[in-house]
Amino acid sequence: MTAPSQVLKIRRPDDWHLHLRDGDMLKTVVPYTSEIYGRAIVMPNLAPPVTTVEAAVAYRQRILDTVPAGHDFTPLMTCYLTDSLDPNELERGFNEGVFTAAKLYPANATTNSSHGVTSVDAIMPVLERMEKIGMPLLVHGEVTHADIDIFDREARFIESVMEPLRQRLTALKVVFEHITTKDAADYVRDGNERLAATITPQHLMFNRNHMLVGGVRPHLYCLPILKRNIHQQALRELVASGFNRVFLGTDSAPHARHRKESSCGCAGCFNAPTALGSYATVFEEMNALQHFEAFCSVNGPQFYGLPVNDTFIELVREEQQVAESIALTDDTLVPFLAGETVRWSVKQ
């Protein structure tokens, strides 16, 4: 990696956790990812969710149809696990190169997850098949019992779901997505080579004070929710250490402004336009820019068993102001860090 003080040249990154939605929203947001990233793991929580090979093929084509000319971008599709999913369908999709991974949403944990899994036991035949064929499991790691505090749901998931699952299926490859706690950072660091994690820019840059002190900031509201500063610091220390089983996953999750700024707002940060520069800022603050390229462009492909990208991009260190909003057909999108001045941005 070449790192003069004002320019960072890195191998083209990938986004290992991304929501692109569908319809007009899809057309609006895809270019913000496809101009920067070579590949992205695309989340399957549409309505209805992507649970068949045919649905994934059709969705992949809708994505590709929106990629601007000149962008070299490959969407990596995922299967939404449900209690009734046929293991043979999953294996067929994996063998045919349609499904790269499968996603476990605990029922009602996040946006469009009402079809999610009610218990791990309900999908054990599917998970056993995934272990057998080497298909990665992507996990939204929160329990959803009504009596468990929202700030405790990730830590409780580790002890009640994740660890028993990994003890039972020892060869299963697992990505603990968008980790937000010291508990999860320690768990992944102490795990073996079959356990990895993604971290979002918002969980590295902010904690719950930023979202709640001096007024509620709905555009920082995402799930898993921002935690206290000791957890934020643990995540920052994990990425700054150069640990090779943690990698870039923005969890960019667009919602129209009126669905965020409401009396019952949706969870999700649309960070695709600003994520890479945000990560660079964090690595610079942690004096860890020497590990930035691996986090963005190497660790993910290594875990998935895929080649790294063979092209490069540059980030420049110069102050730029983020747009206040982005036009949608009948509304607007508010990007992560809207209206703020950022230090790093992708060179156009």
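Yeah, the Cβs are placed from backbone N, Cα and C, and that goes for glycine too.
As annotated by Swiss-Prot, active site applies to Asp251. Non-local contacts of Asp251 (active site) by the CB criterion (under 8 A, 6+ apart in sequence, same chain) comprise His17, Leu18, His19, Glu177, His178, Thr198, Thr200, Cys222, Gly268, Cys269, Asn271.
Positions annotated as Zn(2+) 1 binding site by Swiss-Prot, on the basis of sequence analysis: His17, His19, Lys103, Asp251. Under the DSSP three-state reduction, His19 (Zn(2+) 1 binding site) is assigned to coil, being neither helix nor strand. Its Cβ taken as reference, His19 (Zn(2+) 1 binding site) is surrounded by 25 other Cβ atoms within 10 Å in the chains shown.
What Swiss-Prot lists as substrate binding site is His19, Leu20, Arg21, Asn45, His140, Leu223, His255, Ala267.
Secondary structure at His178 (Zn(2+) 2 binding site), taken from DSSP and collapsed to helix, strand or coil, is coil. Taken from Swiss-Prot, the feature Zn(2+) 2 binding site covers Lys103, His140, His178.
Among the features that Swiss-Prot reports, N6-carboxylysine is placed at Lys103, with the record citing sequence analysis. In the three-state DSSP assignment, the secondary structure recorded for Lys103 (Zn(2+) 1 binding site) is strand. Sequence-distant contacts of Lys103 (Zn(2+) 1 binding site), defined as residues of its own chain at least six apart whose C-beta falls under 8 angstroms from its C-beta, comprise Met43, Pro44, Asn45, Thr78, Cys79, Tyr80, Leu81, Leu138, Val139, His140.
Once Cβ contacts within 10 Å are tallied over all protein chains shown, the binding-site residues Leu20, Leu223, Ala267 are led by Leu20. Every protein chain considered, the tally of other Cβ atoms within 10 Å of the Cβ of Arg21 (substrate binding site) stands at 22.
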